[in-house]
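*Asks:* Attaching a single structure in structure tokens format; questions to follow.
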Amino acid sequence: MSNHRGKIAGLFICIVLLASGFLSWYIRHLRAVAFIKELYVPRESTPATINDLDGKLNFGARPNVQTQTSWNAPIMWELMFDNNLYDQKYKEANTAVAITVFAVGRYLEAYLKTFLTSAEEHFMLGLPVTYFVFTDLPEQVPEITLAPQRNISIVKVEKHSRWQDISMMRMKTISELIDAVLQHKFTHVFCFDVDQIFKGRFGSEALGESVALLHAHYYKLPKYRFTYDRNPESKAYMTEGDYYYHAAIFGGTCEKVKALADYCYVNIMEDKLKNVEALWHDESHLNKYFWLNKPTKLLSPEYCWDEYIVNAEDILVKRLVWAPKDYEKLRTG
């Protein structure tokens, strides 16, 4: 009988120990979960992070222009944002920006020096920036004075016989550069045409995951006036769209820019196999891409303005302007 009682007592002790152990583990688990939740609970006193900076934009600051898309992407205009807040947060995030620019043939002599020197005065000041200059004439790239944390890398490329091919084939080159270099060293990349001049702040407010530019000549026009490619034989064919985007500037994270470049290149090559060429070359394919893959941020025409446009009432700051064009001279020989 005593032996039986001893077994019961022993079993009871075991149950108590197991229950105690389970309870102790459960309490530790609850504390751990509470601690994790504590880490991720946003606090009202916490400063803005990069992810919510755009949520602090003043969308009502410019009542005469559209400041937000139907999918809630911001359209960046002067007065909507706090320069200092954007700069501070992107510096804290160790942001590094790459620029790609193609200066092939006569475009190098005509535009490259002005593009680079003006960028040093206005583009992403205070952030690490590297210019990747693609040219067929690397020995003729001008030397310019660079600010601290600013660098230039010169890459030799083939000069195609047609300027249209230079424009279209840059997508392949950009994709390869992102694969080989940019994804390992940079958080963002912007791709620019070289025949442009920086005139005002082009800062960290322009950074985003996927960034497109509203074309200065089309942003106020009705959609039926947009010059999408209307040829059903082309991969760039569009019957409708949201906006008309300008291929003179596009950017974003390395991953998103590579996706855009790959899409455009593959579709350009498919068109070539059918002996088809989109109406506005890589710009037509870029518009198709952004119709299917909505950009997360749009830049207003302040970020790329044509000074030949008479009505500039919406443009409070000319951040980048088109350089004078002499296509007959530049696109021959």
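Here the Cβ of each residue, glycine as well, is placed from N, Cα and C on the backbone.
According to TrEMBL, the protein carries these features:
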| type | residues | note |
| --- | --- | --- |
| BINDING | Phe102, Ala103, Val104, Tyr107, Asp193, Val194, Asp195 | UDP-N-acetyl-alpha-D-galactosamine binding site |
| BINDING | Asp193, Asp195 | Mn(2+) binding site |
| ACT_SITE | Glu283 | active site, nucleophile |
*Asks:* Of all the binding-site residues given, Phe102, Tyr107, which residue's CB has the most CB neighbours within 10 A?
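*Replies:* Highest number of other Cβ atoms within 10 Å: Phe102.
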*Asks:* Around the UDP-N-acetyl-alpha-D-galactosamine site recorded as Phe102, Ala103, Val104, Tyr107, Asp193, Val194, Asp195, what other same-chain residues have a C-beta within 8 angstroms of the site's C-beta center?
*Replies:* Val101, Leu108, Tyr111, Leu112, Phe115
*Asks:* Suppose we draw a 10 Å sphere around the Cβ of Asp195 (UDP-N-acetyl-alpha-D-galactosamine binding site). How many other Cβ atoms does it contain, all chains included?
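*Replies:* Its Cβ has 21 other Cβ atoms within 10 Å.
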*Asks:* Between Phe102 (UDP-N-acetyl-alpha-D-galactosamine binding site) and Glu283 (active site, nucleophile), what C-alpha distance do you get in Å?
*Replies:* 15
*Asks:* Would you identify which of the recorded positions Asp193, Glu283 has the most other C-beta atoms lying within 10 angstroms of its C-beta?
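*Replies:* By the 10 Å Cβ neighbour count, Glu283 comes out on top.
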*Asks:* Measuring Cα to Cα, tell me the gap between Ala103 (UDP-N-acetyl-alpha-D-galactosamine binding site) and Glu283 (active site, nucleophile) in whole angstrom.
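*Replies:* Ala103 (UDP-N-acetyl-alpha-D-galactosamine binding site) to Glu283 (active site, nucleophile), Cα-Cα distance: 18 Å.
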*Asks:* Measuring Cα to Cα, how far is Val104 (UDP-N-acetyl-alpha-D-galactosamine binding site) from Glu283 (active site, nucleophile) in Å?
*Replies:* 18
*Asks:* May I ask for the distance between Asp195 (UDP-N-acetyl-alpha-D-galactosamine binding site) and the residue listed as 'active site, nucleophile', taken between their Cα atoms and rounded to an integer number of Å?
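*Replies:* Here the two Cα atoms are 16 Å apart.
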*Asks:* For Val194 (UDP-N-acetyl-alpha-D-galactosamine binding site), which residues of its chain lie six or more apart in sequence with Cβ-Cβ distance below 8 Å?
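*Replies:* Once residues fewer than 6 apart are set aside, Val194 (UDP-N-acetyl-alpha-D-galactosamine binding site) is near Val101, Phe102, Ala103, Tyr107, Leu108, Tyr111, Leu112, Phe115.
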*Asks:* Would you mind reading off the Cα separation of the residue listed as 'active site, nucleophile' from Asp193 (UDP-N-acetyl-alpha-D-galactosamine binding site), to the nearest angstrom?
*Replies:* 12
*Asks:* Out of Ala103, Val104, give me whichever of these binding-site residues has the highest number of other Cβ atoms within 10 Å.
*Replies:* Ala103
*Asks:* Between the two most separated Cα atoms in Phe102, Ala103, Val104, Tyr107, Asp193, Val194, Asp195, the residues recorded as binding UDP-N-acetyl-alpha-D-galactosamine, what distance in Å do you get?
*Replies:* 11
